[in-house]
Structure formats: C-alpha cells, structure tokens
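Taking it in order: structure first as structure tokens, then the write-up.
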Amino acid sequence: MSQVKYNRIILKISGEALAGDKGNGINPTVIGHLANEIKSVHDLGVEIGIVCGGGNMWRGETGAKLGMERAQADYMGMLATIMNGLALQDGLEKVGVPTRMQTSIEMRQIAEPYIRRRALRHLEKGRVVIFGGGTGNPYFSTDTTAALRAAEIGADVILMAKNGVDGIYSADPKTDPSATKFAELTQLDLISKDLKVMDRTASSLSMDTEIPLIVFNVNTPGNIKKVVMGENIGTVIRGDK
C-alpha cells in the first residue's frame with residue numbers, strides 16, 4: 001500500500017450522483033459504474049467506508065417547507081439513504097467486493113445496526129462498510145454523518161464525490177464564465193466566502209477533527225483512484241490552517 005496516499009477513507013456519495021442524468025431515483029448504470037470505481041480502490045488495499053446522501057429521493061428540508069413536521073421529514077430522508085446504500089451494496093457485491101451495510105436506525109432484517117467496533121473490524125478484514133440512515137437524528141445532514149463517521153473510524157480523508165462538479169468554484173461555472181476554481185481552501189474559507197459545499201455543522205466538525213476533505217467529480221472514470229493515489233484533482237479543504 002506504499003503507493004496510496006490515503007489508507008482509510010470515507011467516501012461521501014451524493015444522492016444526485018446515484019440518480020445520474022435521470023435527476024431522481026436510482027440509475028442502475030450509475031451504480032455499476034460506481035461499483036467498479038470503488039472496486040479499483042478496494043483492490044489497492046484501501047479501507048473504505050461509504051456514506052450515501054438521499055437527495056435523489058427525498059430531502060427533509062423540502063418536506064418541512066411543504067408543511068411537514070421537520071423531524072418526520074428527516075426520518076423519511078434517512079430511509080432514502082438506506083435505500084441508496086442497499087442499491088450500492090448490491091452493485092459492489094456483484095463485482096466481488098465484500099460489503100456490509102450498517103444503519104443508525106435498526107433494521108436488522110436488512111442491515112447491521114451501526115456499531116463502531118464492528119465497523120472497524122469489517123474495515124480491517126477488507127470489507128467495504130456502507131453507513132446508512134444518517135446520524136440517526138433529525139436536523140443533521142449526511143455531510144455531517146460523513147464527518148462524524150470519519151472521526152469515529154479514524155479516516156485519513158473524506159472524499160466528497162460530486163455529480164459533474166470537479167471542485168469548488170468562486171461562482172457557478174455554468175452561468176459565470178469568470179468563475180475560478182480553488183485548488184485548496186480551509187473550513188474557515190467556506191464559511192467566510194459563503195461557499196455552499198457542506199452545512200456549517202459538518203464544516204465545524206471537520207475543522208475540529210482536522211480531517212481533510214477533497215471535492216471532486218465522481219463521473220470521470222478513475223477519479224476516485226486518482227484521489228486516493230494523491231493526484232491533485234478537485235479541491236482540497238483543510239482545517240483552519
């Protein structure tokens with residue numbers, strides 16, 4: 001494993017990335033692509049934890065704006081992340097990657113409950129672990145879940161896999177031709193520049209734990225492997241220094 005820069009990672013996959021061009025739901029072709037991309041990293045001996053978003057199916061904030069009780073809407077979002085996780089688990093197992101699904105809300109018929117020590121043992125044995133259900137608490141995003149699980153398992157980095165976005169820009173490059181891409185930022189930069197990369201709870205936790213994040217385009221073949229190998233793609237976000 002001397003050729004890899006990061007030996008244990010948290011891969012945060014947005015729900016939108018799982019939907020692909022469809023915009024919502026789960027795209028089996030995308031699942032297959034991601035499974036092969038993750039397998040290429042797993043084959044290097046890297047220990048991989050995965051957190052899936054649920055925005056391709058449901059967002060708690062959206063439900064709350066429509067008049068639902070926020071906590072109830074957030075629980076629906078947690079279920080969406082579990083559905084995404086199960087789809088990804090199926091894809092990974094089809095390409096021969098041993099995978100375990102753990103959920104913060106107990107669903108013993110379909111997944112293990114989240115137990116930190118058990119997750120660590122799975123990682124040590126070369127199994128990919130998918131963390132579903134968010135933190136298990138309403139009002140917390142899956143970005144916060146990624147930061148939390150990264151701290152709990154001692155991850156070297158959080159990889160923020162984005163759908164068609166190859167890093168962080170000063171403005172939307174699709175609408176502003178003068179937008180510039182940042183090679184490196186700090187968590188304080190995200191807050192001061194009001195860059196909508198992750199919510200402030202997730203940003204604060206990442207700053208406290210000093211676990212770096214890398215935002216990159218997951219749609220480009222080989223990008224996950226390139227990041228793990230230390231190639232300079234995407235945008236690196238560090239603590240407060």
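Heads up, the Cβ atoms here are built off N, Cα and C, so glycines get one too.
Cross-referencing ASP74, ASP166, ASP172 against the UMP binding annotation in Swiss-Prot, which names GLY54, THR135, GLY136, ASN137, PRO138, TYR139, PHE140, SER141, THR142, picks out ASP74. Residues 56-57, 163 of the same chain lie 6 or more positions beyond the ends of the region 'Involved in allosteric activation by GTP' (20-25) yet place their CB under 8 Å from a CB of it. Cβ neighbours within 10 Å of ASP172 (ATP binding site), excluding its own Cβ and spanning all shown chains: 9. Between ASN163 (ATP binding site) and GLY54 (UMP binding site), the C-alpha separation comes to 13 Å. Here the region 'Involved in allosteric activation by GTP' (20-25) has, by DSSP, the following mix of helix, strand and coil residues: 3 helix, 0 strand, 3 coil.
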